[in-house]
Amino acid sequence: MAYLNATVSKPVISLLSLSKKVLKFEHCGGEGQCLGLITEFVIHPAAMGTLCVSIRLLMILSAITAAKSRFIDKPRLIVNLTDGFGQHRFFGPQEPHTVLFHSLNSSDVYVGGNNTIYLFDFAHSSNASTALINITSTHNTHRLSSTCENFITLLHNQTDGLLACGTNSQKPSCWLINNLTTQFLGPKLGLAPFSPSSGNLVLFDQNDTYSTINLYKSLSGSHKFRRIAGQVELYTSDTAMHRPQFVQATAVHKNESYDDKIYFFFQENSHSDFKQFPHTVPRVGQVCSSDQGGESSLSVYKWTTFLKARLACVDYDTGRIYNELQDIFIWQAPENSWEETLIYGLFLSPWNFSAVCVFTVKDIDHVFKTSKLKNYHHKLPTPRPGQCMKNHQHVPTETFQVADRYPEVADPVYQKNNAMFPIIQSKYIYTKLLVYRVEYGGVFWATIFYLTTIKGTIHIYVRYEDSNSTTALNILEINPFQKPAPIQNILLDNTNLKLYVNSEWEVSEVPLDLCSVYGNDCFSCFMSRDPLCTWYNNTCSFKQRVSVETGGPANRTLSEMCGDHYAPTVVKHQVSIPLLSNSYLSCPAVSNHADYFWTKDGFTEKRCHVKTHKNDCILLIANSTTATNGTHVCNMKEDSVTVKLLEVNVTLM
């Protein structure tokens, strides 16, 4: 054990009395992970406040230093959809609360708003593509009150039509939509909240429906995971989770149906004796789909297979912890390959650095089946807590009582392949995550990440599976809206490769085959790193429109794609300047990941480093003399490849 007496300006190691208070770093975001150096301190109570400040300052400096040194964070290029890419549709009135639905194999997009569902058909012109479905409250007696509106919060495709559910003046109800006509289905508790809010989940799995929405308005402070339809209705205990914020849920169907699981992802408040350390913990919870509730009267309507585990999104090189769960994207493996299902988690650190960590369902399943229970020091009962029962048997009361009192497993879920740091780390605050895995010839060889920022833009990251780099590269920023605004919802159509994204004002269709934005030469096409693009017929082309022989993943190196003469065409200018004058030469920054430098007669005149320059690389020619005469060359260096961009022949007047 280490002993520490801390001040704000300089932490000093000194020996204190063993009677002083013990601080474990689990209060900072994970046991032994705050600084990655010391697990436990004995702290004098008077030093507690200054110690917290010291630790926070050290961690902020560590995070900033690591973020600057390890990778280039900013997007390589920036594209505005108003430049002719994509399509836009406007709502008319402002819609502060929306839900987005896209019908597969069609160009239809539904947006649920206040008393209205908007239908946009992006295959037709904007003048003929909008339909309004009015679904006003059935209890609308006080029009001046927002609580008497009908905010649509759920759109779900069913065999008999589109299910739409809304707040309905605090009397949650649902409607069925067919061919723009609506049928009122009546009150449906658990499918819509009493008022619009985030963090409400509804999961449909075969004949069962799961929900985190409160069934009673008076229990607005209650947070439970429920099964509300299908098999017997069940809910989690009051003590199972501490003020959880639910993010995502999924069903995993295994080879033995009795062992099917429901996994839900959330963050919760952690118990801490030190209020200076606001502490949230990212979690995954599990229940068995076959759970029939308990045997006793106290457990008959409770989940008896609920367990929870911590998701460990950590950079072990720097000790940075990402403890706030923002979003989850689930990549579903093919049928009968459930263990290969991937969980992509978007996290924030306490200082608003973002990270994406990858977990596997196989690892999650292993942790729940093998880990001890946290703070439980006795032999586990048989069957062990969390185990699914065959033939719809009830979990024995003894097993339920242990799991109900000790629902957290001791082992965390680590990143895929025990990775030492997240696949993405960024200074940007990201809010939502989508993932597309690129497949050619039956092999996944690249992963594309779509991340939304708090400013309303989309960042696209790429990681090649066989790359020596373990992190993804930020290749593109997209501004999707005509009117800049935060992004409320985003959907991926991975069949037609479209993104659908909406704000409170508009919805946009973003094509993912943006190959033409990268330039009109092979070098620029290759340097984009976009796995969806290749050089074909003297054009940067969408790979799915090119044959495998010419556009497949074999064309990965610069020489393979572009040949030996890959350099772009050099732009040449001739300028004349007065003697003893000051002039500026500007070299365009065609990539935010490149270094630029001006040379003349083989000597470097000016360097613009990738981590410091923000715009064009400017060369100042001060007090021009005869030595100024000649050709000034702007060069670009990116990934060990150097090419000429610009030649300016300067003569004196």
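Glycine is no exception: its Cβ is also placed from the backbone N, Cα and C atoms.
Sequence annotations record features per position, and here Swiss-Prot assigns disulfide bond to CYS587-CYS634. The Cβ of CYS587 (disulfide bond) lies under 8 Å from the Cβ of TYR596, TRP598, CYS608, ASP616, CYS617, ILE618, LEU619, CYS634, LEU645, LEU646, each of these being in the same chain and 6 or more residues away along the sequence. DSSP assigns CYS587 (disulfide bond) to a strand.
Residues or ranges marked as domain 'Sema' by Swiss-Prot: 76-512.
The feature domain 'PSI' is assigned by Swiss-Prot to 514-563.
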CB contacts for CYS634 (disulfide bond) [other CB atoms within 10 A, all chains]: 25
PLDDT averaged over every residue in the domain 'PSI' (514-563): 80
